[in-house]
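Just lifted these from TrEMBL, have a look:
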ACT_SITE  E50  active site, proton donor
BINDING   C48, C81, C84  Zn(2+) binding site
DOMAIN    1-123  domain 'CMP/dCMP-type deaminase'
Amino acid sequence: MLTLAKEASQLAYVPYSKFPVGAALKTSDGTVFTGCNIENVSFGLTNCAERTAIFKAVSQGHTKLDEIVVYGETEEPISPCGACRQVMVEFFEPDSKVTLMAKNGKTVEMMVRELLPYSFIDFT
Ligand code: THU
């Protein structure tokens with residue numbers, strides 16, 4: 001999964017930030033999906049690597065996700081943005097593992113509920 005996340009970053013479309021990110025996730029049945037960040041000249045339309053991987057999985061019928069690795073070409077592991085955290089809450093379990101990985105292989109492991117405590121859930 002760590003290698004797949006790093007490989008996915010090589011496909012990042014980042015002409016504006018030049019900041020490639022890759023993600024690899026595993027669904028509850030063990031299927032793996034990868035994603036990269038995809039930028040746009042209208043900057044706000046950028047899609048992060050995490051959401052690319054999650055939306056690929058969901059669009060293929062996988063709505064129960066198990067774990068995700070996020071790779072950044074950085075000295076220290078990068079941390080998912082708020083939008084990605086809320087999307088993670090939708091499809092992962094609160095205790096699902098999120099591994100954040102830097103270019104030197106350094107990793108930090110978190111749980112989804114640690115990344116977004118007291119998150120908005122469907123109360124209806
Ligand atoms: N980015 C991600 O893809 N994932 C993160 O966890 C943090 C930020 C992207 C968005 C943008 O293309 C670039 O990194 C710089 O913010």
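Here the Cβ of each residue, glycine as well, is placed from N, Cα and C on the backbone.
Automatic prediction, not curation, is the source of TrEMBL annotations.
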Tell me which residues of the chain lie with their Cβ under 8 angstroms from that of E50 (active site, proton donor), as long as they are six or more apart in sequence?
V21, A23, G35, I68, V70, P80, C84, V87, M88
Take the mean position of the Cβ atoms of C48, C81, C84, the recorded Zn(2+) site. Which other residues of that chain put their Cβ within 8 Å of it?
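Near the Zn(2+) site, beyond C48, C81, C84, sit A49, E50, R51, P80, G82, A83, R85, V87.
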Could you tell me which of these binding-site residues, C48, C81, C84, has the greatest number of Cβ atoms within 10 Å of its own Cβ?
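Counting Cβ neighbours within 10 Å, the top one is C84.
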